[in-house]
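Only one structure is covered here, and it is reproduced in the block below.
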Amino acid sequence: MSGAALLRLQGVSKSYGSVHANRAIDLDVSHQSIHAVLGENGAGKSTLMKLIYGVERPDVGKIEWQGREVRPTSSAEARRLGIGMVFQHFSLFETLTVAENISLLVPGTKAALAARVRDLGATFELEVDPNAHVHSLSVGERQRVEILRCLLLDPKLIILDEPTSVLPPQSVQRLFGTLRLLRDRGVSILFISHKLEEIRALCDTATILQAGRVTGRVDPRQASSRDLATLMIGREMPPPPLHAKAKPGPKVLEVAGLDHATDDPFGVSLSGISLDVRAGEIVGIAGISGNGQKELAEILSGEVALLSAQRDVIRMMDRPVGHLGAAARRRLGFAFVPEERMGRGAVPEMPLTDNALLTAHDRGLVRRGLVRRQHKAAFAQACVEEFDVRTPSVQAEAGALSGGNLQKFIIGREIMLEPKLLFVAQPTWGVDIGAATAIRRRLVALRDSGAAILMISEEIEELFEICDRLYVLHKGRLSPSLRVQGTTVEQVGEWMTGAAGEPAHA
Amino acid sequence: MPEFVPREHASVRASVLAPFLALALTVVVSLVLFALLGKPSGAALHALFIEPFLSWYSFSEVLLKTGPLLLIAQGLAIGFRAKVFNIGAEGQLILGAICASALPVYLPTSTSPWLWPAMMVLGALGGALWASIAALWRTWLNASEILVTLMLSLVASQLLNYLLLGPWKDPAGFNFPQSVMFQYEAMLPTLLPGTRVNVSLLFGLAATLAAWVLMQLSFLGYQLVVGGLAPRAASYAGFRGGRAVWVSLLLGGLAAGLAGAAEVAGPIGQLQRSVASGYGFTAITVAYLGGLRPLGIVLSSFLMAVITIGGDSAMVTADLPVAAVRVVQGLLLIFYLAALVGVRYRIVWSRIATQATS
């Protein structure tokens, strides 16, 4: 590349209190390039992007944009410069529609925007209903809105924070096609990810961060995954979980012909869902979110209970539970890790000790209606130590933990309940590679100890890595059970888009 | 431009300073306000905040007012922390007063020593029953408890009017809308000899202890707080939202009903319209001013009682209109809520300078 870089960072540092999120970062993004920023959760990737996007200001260091020093003090200013960003944690108003959300940033009438949303959606396989309210959208659909909103502003640089985590394999390839096309038209891409294979397939340059510092600048097409991983986590890659052949025991969860019409006008109704999970196996539910995952999770967890007449539709531990609430199902040995960590799996304003109490109260933490403080703290402390949760203390508020650490805490808490049936939804969504591997190893260990695990996930690699069997959820219907051995990613992809299985109903 | 940056932790220092800052701002603005009204500001402030402490009589009156405010605010604060907004404590207080009065009205000759305790029980049950109507509508039909409790207050005051103008009117009362005077056995024992302060102050202190145990130590209190902070986490854990509504409203109604019973069996001595003197609404202010914490509410109820008694003397000594006293109470709440922002947020004055050009 010749001439000045599009974006140049020199010696940029940023601290939050005693935490050094970024230390003396140098970064050059050339014109017409797809530049990867690779790093674990907590390595400082998101902070760096916030500095570039004007959300935060660096403590020291210089940011140059097209050869001139800039100090963007707001994201609006960054957008005027021609920088767009798709956040990992979405910045959408839940009570507004897709088109209304977009019209807050993008000029134009809502009708015109809706038409452009449909156009772009069709082009990039980012279909969303522009008139749907955001609160009714799944996590995956919300990210599509974010990407569309960014594209509509026609920027010179787009920052994408873990953009592929919610896309099906076919759409990832299309998104990559789109990104390459954008690059060839003169738009540079800053691609934040921890997925090594994606970066090697897509990016021209990679800057690798570890613990807030740059540990390498490489051409990812030349480097091996192993090299990248070593630079990223500062040691050898943790080996994938050992996956011995499952020895399935008796059925622990049985769903027979579940039909459920949703109250939510933008929700997904479930029809004819049948599945079973046996002790000692991990069963996955693949599919793009927004196909009924949210509804299925609420029904299986007991947050939405069925009518008494449908009690036999769901059986756990060989007992009818369809009509039971979440607490009653938990008493049978059921545990659940929800998709949303903040506000559902944990109360952000409460310390970890109180968050332990949320579901572990039956394990001797309450006596005669009073909370036993020491038992509560000891449980939280054991969870933090056993599951390597990085936190200053168990008195820290849950909201102050990073996503990966809080997820380790929640999964740890649920595993410490010694469940007979553990149900996890998106266990590694937005979690770094080290934490994700640790979580998967824990799930496999729990399976090997004889528990049954049902896992909803959008990450196909993850499902293939640890599951024994798979179902695929598409438009509220479930595929037949697929053995992981003898099934290909492409076959699962066909079920995910509804291309397979049509004759089954004919 | 000031920016509000959320703190990682609520600041303890700020949460202790907030009520004092609010009080200081209230004093300053009140001074200006009284001056604009053409009243002697210094004398008014002296009357408001100092005179209540100058005589044993006025101080005992402060304690008398503290009792019901403390009792009702403790009950309401439990619900507020669970985000169940019972703002109809006034109605529950009226029902408590009515139910308690039924005994001396129908048994005017009873000399049982159990008369006043039975009245307290009936009053508390009456308040709880009135609140349970709102709980039923909320859990059954999802009707907002804010509206239902408020509207039920209006119904309660009409019920009071009906009884006082009709069946319960004192036949020897010269047609005034009031019941018979209660007999000695229907009156609360006096706590401090020579004053009107009665055992209802102990009810308030007992409620404080009970609220503290419930909210700080018990699992039920924890469930209520989770339901208030993160309703989806409560339903994830299987805590029943309906139970939080019932517990909150029943406890709030119980406390308000008891306060109402203690009013008719205490300073008033009969059932009359003045029992609806606004304690139920003032207690909402008291609850928030005390940070919804049991111990904070002890201080805030005392402060509010001081301003009320001080307001009475300010009307005499400084010729303040009664509305001015209400304004002072309102200012205190507004400034406190504004000061609370400083507890959860840091205020950062951002630099305007920017080299970026567009």
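Each Cβ is built from the backbone N, Cα and C atoms, and glycine gets one as well.
All annotation found in TrEMBL is predicted automatically rather than curated by experts.
As annotated by TrEMBL, transmembrane segment applies to B:12-36 (among others).
What TrEMBL lists as transmembrane segment is B:56-80 (among others). Note on the transmembrane segment (B:56-80): residues 86, 89, 93, 192, 195-198, 200-201, 203-205, 207-208, 210-211, 214-215, 221, 224, 228, 247-249, 251-256, 258-259, 262-263, 266-267, 279-280, 282-284, 286-288, 290, 292-294, 297-298, 300-302, 304-306, 308-309, 313 of its chain, located 6 or more positions outside it, place their CB under 8 angstroms from a CB of the stretch.
Annotation comment: TrEMBL describes B:92-108 (among others) as transmembrane segment. If you look at the transmembrane segment (B:92-108), the same-chain residues 6 or more away from its ends with a CB under 8 A from one of its CBs are 68, 72, 86, 115, 118-120, 122-131, 149, 153, 156-157, 159-160, 163, 168, 179-180, 182-183, 186, 252-253, 256-261, 263-265, 270-271, 275-276, 279-280.
If you look up TrEMBL, you'll see B:114-137 (among others) marked as transmembrane segment.
Among the features that TrEMBL reports, transmembrane segment is placed at B:146-165 (among others).
Feature annotation from TrEMBL assigns transmembrane segment to B:201-225 (among others).
Under the heading transmembrane segment, TrEMBL lists B:245-265 (among others).
Long-range contacts of the transmembrane segment (B:297-317) within its own chain (CB-CB distance under 8 A, at least 6 residues past either end) are made by residues 19, 23, 43-44, 46-53, 58, 61-66, 69-70, 73-74, 77, 204-205, 208, 211, 282-283, 285-287, 289-290, 324-325, 328-329, 332. Residues annotated as transmembrane segment in TrEMBL: B:297-317 (among others).
Here TrEMBL flags B:323-343 (among others) as transmembrane segment. Residues of the same chain lying 6 or more positions beyond the ends of the transmembrane segment (B:323-343) and with a Cβ under 8 Å from any Cβ of it are 4, 10-11, 14-15, 17-19, 21-23, 25-26, 29-30, 33-34, 37, 39, 44, 48, 282, 285, 288-289, 303-304, 307-308, 311-312, 314-315.
Tertiary proximity for the transmembrane segment (B:114-137) is limited to same-chain residues at least six positions away from its ends with a CB under 8 Å from its CB atoms, namely 86, 88, 91-93, 95-104, 107, 143, 145, 148-149, 152, 156, 183, 185-189, 203, 245-246, 249-250, 252-262, 264-265.
Within the chain carrying the transmembrane segment (B:201-225), a Cβ under 8 angstroms from the stretch's Cβ atoms is held by residues 63-64, 66-71, 74-75, 77-78, 81-82, 120, 191, 234, 239, 243-244, 247-248, 255, 258-259, 262, 293-295, 297-298, 301, all 6 or more beyond its ends. Tertiary neighbourhood of the transmembrane segment (B:245-265): same-chain residues 67-68, 71-72, 74-76, 78-79, 82, 84, 86, 89-90, 92-101, 116, 119-120, 122-132, 134-135, 138-139, 145, 149, 182, 186-188, 198, 200, 203, 207, 220, 224, 271, 275, 279-280, 283, selected by CB-CB distance under 8 Å and a gap of 6+ residues from either end.
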